Each structure stands twice: as structure tokens, then as C-alpha cells.
Amino acid sequence: MARFVFITGGVVSSLGKGLASAALGALLQARGFSVRLRKLDPYLNVDPGTMSPFEHGEVFVTDDGAETDLDLGHYERFTGVAARRTDSVSSGRIYSNVLEKERRGDYLGKTIQVIPHVTNEIKDFISIGEDEVDFMLCEIGGTVGDIEGLPFFEAIRQFGQDKPRGQCIFMHLTLLPYIAASGELKTKPTQHSVKELRSIGIAPDVLVCRSEGPIPQKERDKLALFCNVRPESVIAAQDLKSIYEAPLAYHREGLDQAVLDAFSISPAPKPDLTVWHDVADRIHNPEGEVNVAIVGKYTQLEDAYKSIAEALTHGGMANRVKVKSEWIDAEIFEREDPVPHLEKFDAILVPGGFGERGTEGKIKAAQFAREHKIPYLGICLGMQMAVIESARHLTDLTDAGSEEFDHEAGKRRFTPVVYHLKEWVQGNHKVERKVDDDKGGTMRLGAYTAKLVEGSKVAQIYGSTTIEERHRHRYEVDIQYRDQLQAEGLIFSGMSPDGRLPEIVEVKDHPWFIGVQFHPELKSKPFAPHPLFADFVRAAKEVSRLV
């Protein structure tokens, strides 16, 4: 049966609970334990699938088609354990489940209340798969004191009471602000945060304190005294140059040992951190630099493309180079010539997105890359824009576009080389969708198999003609235009197994021009860079004349 670590936050949000959880998971793995990480979000959305990227950042999609918080991406990248639908839940999902049960009569006419019905639903979620791993790490979103988070805090308090003594511990992450005028780290906000946590019945076993620099022993002792934790369980979490330093940094601070001590696991297996030393070496000792332009729609918030940024870093590590990314708003190219903006880059990446805004700019970026022989990677919408660009400029389909952008019924503005996907095969059954279906959870989501053309560039990159990648889209390139486009050099090099859905296109006689309908960034890891990103950076490296 698993041991449970509940990770909570205080003082301010966005302190890095997800990274701390992921790093702890990696350290426990390094000691030979199996782990699974979960995220419990207090917001009332059922999932992040319909939330604006500006509100929430990227949506991380799992193999089984769940749309989840970006922290699950950190969990996967640090542990290599594929996340599942049962690793993410929100207040919206919990309340929805409770109300469905009430409508079915499952509660036998009782008055439905937060305690016990909502808290029991949360506890049931936490318990899923508890016999599968040695450690279950559960991160609670938000900060202690948030109204919407109270049912989750109450649920984990009860959970700790329900389990045998020594099977659950609580780790609290806080901020130690530095006051420049006095030259001091202030512990009072952390003391009040722990006081708030204790007032609802949760006493932290481990205290992780974010700070700009080292925490003097005097402050550690003070925190241990006033927060009622052991001095060795006050862990400093200093700002780092790279998130991939976190496992080694937390190990030096003794986080993994503090957790094992809290569980009375002694003697503890020694960690094998070889892989993380190699990762750190590749980050800190690059042999060159490449410049990549990311032409997107949500560039004001880098978290909107979090997995893409990390996958590029992984590609750089595979090639021993530093990837310097510059985010460019695609709308700029709708007003200005893209050449002065793009000619300085070694490669161009156009990521996914929804809606018409900025798409003409993305098309111009694809055109620049194709005509100037610059490596191009188009992901999801980025592939669709590359296909539209080729259709407009290489064939007689000069009005090529996407059904997504034809808003008025009966008034077609484009020849729809990209159409609304209404049916597809998933496993052994057919999935059907209607245009007026709910937006949430109705896209083509999760892992699907693709067949690659033997001898194609992508088949060489993958080293296989069969791949499985994660998808998140409701629009698709129309297969009826394949012959027309292939005659002009746009090769359809990857297809769904039934041959109906284009998955990958590549430009013939181009050094590196690939568009993919799926999201390869979701499966990249620092110790196992995704082959597409590794080869994309290799191509950029050649352009930069580093080879």
C-alpha cells in the first residue's frame, strides 16, 4: 500500500509546488521507489480544456485523453511516469460527480453536504491505484486559506486520520521574502501560513521555503521552533538557473531524506542520481547556441507553450547546444513583412492554437521557412497553416483556408483544405461529433497511432514506421487534396492507420520542413528528448554553421 505525501502551498501562489513535487518524485525514484503524482485543483471548471491559455497556461493532454493542468507535464518530464486521467481532478469534477450520484439516488435520500459527501468523493479519488506504487504524491492547487480549497484541505486532513499512523505526511511550500532595506529574510509570512494550516488540523512534517538565496541557520531554527517542525526538515528552495537542477538541489538540501525520515524509513536506500548529473552537465556545458523563433498566438504568457519550451531545451541537450527561443506574436506578420523579423533565426516553430486571430501571420511564417529553406516545425494548427500556405502558393487553391474560420453559415470564404472533424476511429470503435456539441472534452484527444511512409524523413527520425502520439484537435487536413498537394512537393508522410486522417506532412527537397497534427512536445523528457525536437534542433544547428 502506498505512502502518501500531500503538498500544500502558502503565502503566495505560483511558488513551484509542481516542480517541488516532481523533483521529490524523481529523488524517490532514484532511491528505487515507485511513484505516482496527482494534482487536485480547487477551481470550479470541470477541467482546463475550455480555459483560456492566458488564464491557465497550456493544457497538458494524457495518453488516455484527459485535459489536465500543466503541472502534470512537470510530473512526466521528471519521473517518466505517464500521467493518467485519474491523476488530475478539480472542484468542478468533484461536484459534478456528487451531483450525478445524487440524481441517481446513490445517497438514498440524504441531505448532500460538503462533509461528508464532497470530502468522501475527494478521498475516493486520492485512493485510486494506491496499491500500485510505493509513494503517492498529491499536490493541492492554490494556497492555504483559499475558500475554494477548503474541501480539499479537509479531505486530506481526514485522509491522514483514516490511514494508519505513519502512512501520510504533509509538505508545505512557502515564500521567505527578502527585504532589501533591512537585508533580512522575513519568516513571519511562513509562520502565519503554517498557523492557518494548523488551524484546519494539518501539521506540516516538512517545510520547503522558497528564497532568492541561502537561508541562514538562524532563520531555519526560528522556523523550526515556531512552525513545530524538525530543523532538518526546514528545506531551502533557492532560485535556480534551470528547473532541471531541482532534483540535485533538493537532494543537497536533504528533501528526500527528510521525507523518508518522516515515514521512519531507515536505513534508506542510497540514491543513484547519475541521470540528473548528466542532465545538469548538458545544461551547463553547451557547445554552441541556436536561435529559434516561436511564432504563436499566446506569446504574452510563456506558460501557454510550456511543454514546447521544455521540449526545445531537451532537443538542445541532445545536441549539446543552448536553444535560445524568441516568442513572436503571429499578428505582427499580418501588418509587417516577416523577413526582417525571421531572417536572423536558425529555425522556426509554429505551435498550436484555436481561432482565426494570428493565422495569416502563421501562414507567412511557414511561407518564409519553405522559401528560404529554414527548418520548420509546425504543430497542430502550425501544420494546418503550413498546408494552407502550400495550397495557396503551390496549387491553384488560392483561396485555401480552414472551416474553423468560416463563421457565417452559407457564406464560405475559403476552400476548406482543413475541415471540421466529425468522426474518427479510436481503438476498435468509431467516435462521432456534431458541430453543436459541447466544447469541453469533445476534441480528438489522447494517444493515437500513425503509420509513416517508409523512407520518409519522419520515418528516419523516428526509426520506425509506426508511432503513437498525443492529439488535441477538432479540425483536420482534408485528404481529398492530398494528390494535388503531393504533386507540388508537400508529402503526406504520416497517416492514421485507416488512411483517412493526415498526421504528418513534409516538404520535398527542403532541408527540414515538417508539420504534425499531434503534440510531440507532450512526450519529451530531459533524459529522453523527443526525436522530432532532437532532430529539429540538429537541423537548426547545421543552419547556424556550428557543425
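Even glycines carry a Cβ here, placed using N, Cα and C.
With Ser14, Leu15, Gly16, Lys17, Gly18, Leu19 listed by Swiss-Prot as binding ATP, the candidate from Asp63, Asp64, Asp69, Asp71 annotated for that site turns out to be Asp71. Checking the candidates Ser13, Ser21, Ser390, Ser402 against Swiss-Prot: the one annotated together with Asp146, Ile147, Glu148, Lys186, Thr187, Lys188, Pro189, Thr190, Gln191, Lys222 at the CTP site is Ser13.
Summary of the site annotation: Swiss-Prot records L-glutamine binding at Leu381, Gly382, Met383, Gln384, Glu404, Arg474. Screening the candidates Gly316, Gly353, Gly446 against this entry identifies Gly353 as the one listed for that site.
Sparsest Cβ environment among the binding-site residues Leu15, Leu19, Ile147, Leu381, Met383 (other Cβ atoms counted within 10 Å): Ile147.
Sequence-distant contacts of Thr187 (UTP binding site), defined by Cβ-Cβ distance under 8 angstroms and a gap of at least six in the same chain, are Leu176, Glu219, Lys222, Leu223, Phe226. Taking CA atoms as the reference points, Leu19 (ATP binding site) and Glu139 (Mg(2+) binding site) are 10 Å apart. Mean pLDDT, taken over the region 'Amidoligase domain' (1-265), works out to 94 on the 0 to 100 scale. In this structure, the recorded positions under consideration are Lys186, Lys222, Arg474, His519, and the one with the smallest number of other Cβ atoms within 10 Å of its Cβ is Lys186. Candidate binding-site residues: Gly16, Gly18, Pro189, Gly353. Fewest other C-beta atoms within 10 angstroms, Pro189. A 10 Å cutoff on Cβ-Cβ distances gives Gly382 (L-glutamine binding site) a total of 26 other Cβ atoms nearby, all chains included.
Residue environment of Ser13 (UTP binding site) contains 12 other Cβ atoms, counted within 10 Å of its Cβ in all protein chains.
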